[in-house]
């Protein structure tokens, strides 16, 4: 049986993730006390192949440090993966203000920002051991649903998933990136009048960048670096590795390089994904 534990700070998108898993055929249980998790798995192990449970701060044991020990009591036949959702503090505050929901930890004389900080501390034993961490600050509910679906389906083979993500430094570095490469020194199609409105997936931009020897060398060196160290990461039981490529706006150079790296690695591996975070953001 495959078990996915969905956790994260309040307002980060756990309900969206759980709905996606339900749509994918998972038997879903919302907000189960973690102390009951071993009993639940023993009950459903013969009836369901895929199970997902949502765990929030209200259902933790008295000592959150006991969480790894509780998970260790699960049947050995259960393949456990933890998905942890989070967002920047300012975005969580904004979401609570917009929805006018009450944070579950708010008590008398406790401000919202204090409750959010406390929740982060309480959930740290889960977040630090998560197999997949997603920061939802820059994701709409629809984008989050697509990303969760992509990552879950990408794990069918059980091998490590390699994600090549493009982004723009002007919009911030992806929080979930394991490796970050800066492509801002490369020739920029943005300054070519005919290419400015296109992106790194358009043929004219690809032709422009492919003609630059320095771009080809940059891609080759990243490719060689990752090929060298991926076997060591896999032996460390990593589920995902995200390689983020950044340029100024996240539309041309980083997109092209991420696509080329993914193309190269697909010759050797099956679980390759691409994510172009900022490709649809309008230029300012």
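Just so it is clear, glycine is given a Cβ too, placed from its N, Cα and C backbone atoms.
Database features, via Swiss-Prot:
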- 8, 9, 10, 11, 12, 13, 14, 15: ATP binding site (BINDING)
- 56, 57, 58, 59: GTP binding site (BINDING)
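For the binding-site residues 8, 11, 12, 13, 15, a Cα to Cα distance of within 10 angstroms from residue 57 (GTP binding site) holds for 8. The shortest Cα-Cα distance from residue 14 (ATP binding site) to any of the binding-site residues (56, 58, 59) is found for 56. Neighbouring residues of the recorded ATP site, listed in sequence order and excluding 8, 9, 10, 11, 12, 13, 14, 15, comprise 56, 85, 86, 87, 136 (Cβ within 8 Å of the Cβ centroid). Of all the binding-site residues listed here (9, 14, 58), it is 58 whose C-beta has the fewest other C-beta atoms within 10 angstroms. The record gives 56, 57, 58, 59 for GTP. Within 8 Å of the mean position of their Cβ atoms, the other Cβ atoms in that chain belong to 31, 55, 60, 104. The number of other Cβ atoms within 10 Å of the Cβ belonging to residue 57 (GTP binding site), over all protein chains shown, comes to 21.
Shown are the binding-site residues 8, 13; the one with the most C-beta atoms within 10 angstroms of its own C-beta is 8. Note: residue 11 (ATP binding site) has non-local neighbours 87, 92, 95, 96, 99, 101, 103, i.e. same-chain residues 6+ apart with C-beta under 8 A of its own C-beta. Classification of residue 8 (ATP binding site) by DSSP places it within a strand. Between the alpha carbons (Cα) of residue 15 (ATP binding site) and residue 56 (GTP binding site) lies a span of roughly 11 Å.
Under 8 Å, Cβ to Cβ, and six or more positions away along its own chain, residue 12 (ATP binding site) finds 85, 86, 87, 92, 136.
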